């Protein structure tokens, strides 16, 4: 989104507040409570409060302000961000072996996101609804049912799109951040001593005083920066400057004031540790604050759900996930999409998590491993981009990487302590997604290599057909072709069984480029191979929708006229069997067969009218 128009900058910045900062903006609901709840062997003590506040403040400065907003966001692919984009950028100017390692890192990072995204809606909404414990303690048993009801409504409206409702997100989140600031400032004024925690010396003293326990406590501190990846992932929607402007002018000051306000409250009233966020508010404001918190957490959950849809589309288009139905919910905004399978699978997982963990404090134990793991991978990938793509001095890049890892690795290591108490959940989900993505990519590559290794040369085949033509029938036939130099299987089988050929044959290749968008000038390349054969290569970015009708329109503009309803589309449908393999590769082969059976069929994927498609089967051993 362009920010060149100065009049639109405030609107874009406001929109960024509504979408990008939902997750990190709702962290004050539970972060300080988890830090000082007594689980680490110490309670609400002055040194502990100052230590945690200092750690939270400097994490927000170093990780969010310096690492992500200043450094990582420099790495963009035509304005787009995200872990898979970073993976693609990092592998552009490296050796094949290094690229493979970087791809694995990127896929692990993407898998971590899938693992963590199940927890975010659950912990956010539950922590807001838990404000009922303060307003009406007798309603404690309603927290789980109400959380499920709220999230059920949220997942149900996804198919209708969030365009209209989304217009309310920005003002609601702006109100949320202003309330955070006011509540915090009110408490700080009553006890300004808490501002001493801005001094990083208190963070150092915290480690010296509490020793090993302080290291484990980092697992709770990291809750303050969950959602930081959204800043980079949503860069393509809003642009770098509005996201940075929103952070430094609204979000960061509001978060700092609220965290320090909670700290000031706890110094005077240690018993407020039950729920320091809601106890910041006067009694008359509790119910309005509860409603606002519920709205803010729903918006944070919406941002995460939209992020899952975007990541899934990117993974599908880059060939790491099987094709699935992707529905555009807005004619104006290409980023607003709905993926039914992902939506309801995520909903089911979130409900199971809520019922299983019952309280946001229990969920906090599962939160953080995937976030910090992604942070480590982001540090490695982004510094690789700085060295290989930007050609920065290798010693300077090494210093940056060391500085990042000196923060990331301790945070990740501290979260490993959560493994048995809930951290296994996002790791298990991430492992499942990593297995699915690597299986689809590698087995798909094996299949295509198997199909093409004995394929006939395109040029030789066309020359033979022109010299000794079979029976020609009127009309145009389009054969979907994956490889430019090999005759499509469907063409070979049509000649073998029907022994006829249309008077005009088009070999169509649809290609996804490593970029979010492809300019219309480069959309279609046409090459006449013989008097009756044409090759058409259509290129799309991974954020664009493959559309054969649009390709035909572009072909018509360049002199190759085609009418969709007068053209026959020939496609090959592979029936796969798993050959002799070691047991673990047989399992992977079985998983690939399952994924392919449930994948979206090519006619639906490319938006081709079903009555114009002829599928010819072939059996392939993998």
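A Cβ is built for glycine as well, from the same backbone N, Cα and C atoms used for every other residue.
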Stated Swiss-Prot location of transmembrane segment, expressed as one of 103-123, 187-207: 103-123
Feature transmembrane segment in Swiss-Prot, mapped to one of the ranges 79-99, 247-267: 247-267
Transmembrane segment per Swiss-Prot - which of 137-157, 305-325: 137-157
The transmembrane segment (103-123) vs the transmembrane segment (396-416): 3 or more CB pairs under 8 Å: no
Long-range Cβ neighbours of the transmembrane segment (165-185) (under 8 Å; 6 or more residues past either end): 14-15, 17-19, 21-22, 25-26, 28, 157, 250-251, 253-262, 280-281, 289, 292-293, 295-296, 299, 302
Beyond the flanks of the transmembrane segment (9-29) by 6 or more, those residues with Cβ under 8 Å of it: 1, 3, 64, 120, 124, 127-128, 166, 169-174, 176-177, 180, 223-228, 230-231, 234, 237-239, 241-243, 245-247, 249-251, 254-255, 258-259, 262, 277, 293, 296-297, 299-304, 306, 360
Same-chain residues at least 6 beyond the ends of the transmembrane segment (363-383) whose Cβ lies under 8 Å from its Cβ atoms: 30, 34, 63, 67, 71-72, 75, 83, 86-87, 89-90, 102, 105-106, 108-109, 112-113, 115-116, 119, 122-123, 126, 219-220, 222-223, 225-226, 228-229, 232, 353, 357, 397, 400-401, 404-405, 408-409, 411-412, 415-416, 418-419, 421-427, 430
Most Cβ pairs under 8 Å with the transmembrane segment (396-416), selected from 49-69, 247-267, 337-357: 49-69
